[in-house]
Amino acid sequence: MLRRLVQQWSVAVFLLSYSVPSCGRSVEGPGRRLKRAVSEHQLLHDKGKSIQDLRRRFFLHHLIAEIHTAEIRATSEVSPNSKPAANTKNHAVRFGSDDEGRYLTQETNKVEPYKEQPLKTPGKKKKGKPGKRKEQEKKKRRTRSAWPLSAGAGSGLAGDHLSDISEPEPELDSRRH
């Protein structure tokens, strides 16, 4: 009976020690440990990507700075009034591996550093100034304004045209109402 009591106590102590959290961890420790490992792995992956991106940016910045200083050195050696050599041309320079297929042009005679152009905001097109019209439009307007004057029956005097304009015809009057 004593032997059986010892076995029961040992089983009870074993179960209690296994299920009681050690060092403040809960019962489901292995499951949380796996989740934490996955999130930690993803964090390290993202950190590695950001470090790689930072290295790439630093490399490109350093490369551009070398090109810029090379341009400054080349222009400082040349006198300010001299013309550039006739055989200098803009040649295509390849960066990166052959499978990228990206070509960047190098302007050898350029003195100013590169400045990004501001993006154009889409908007309405600007209209021309209202005071400036093309000659053809002016002629068309003149001929249109001359039609009612020449079409009126009369002696051609200015008084006749004024009487035509001041007294509306019955057909035109019916259209207005």
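Even glycines carry a Cβ here, placed using N, Cα and C.
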Exercise. Quick one: sort out which of 9-20, 57-68 is the region 'Important for receptor binding' according to Swiss-Prot.
Key: 57-68
Practice problem: Sort the residues of the region 'Important for receptor binding' (57-68) into helix, strand and coil with DSSP and give the three counts. | Solution: 12 helix, 0 strand, 0 coil
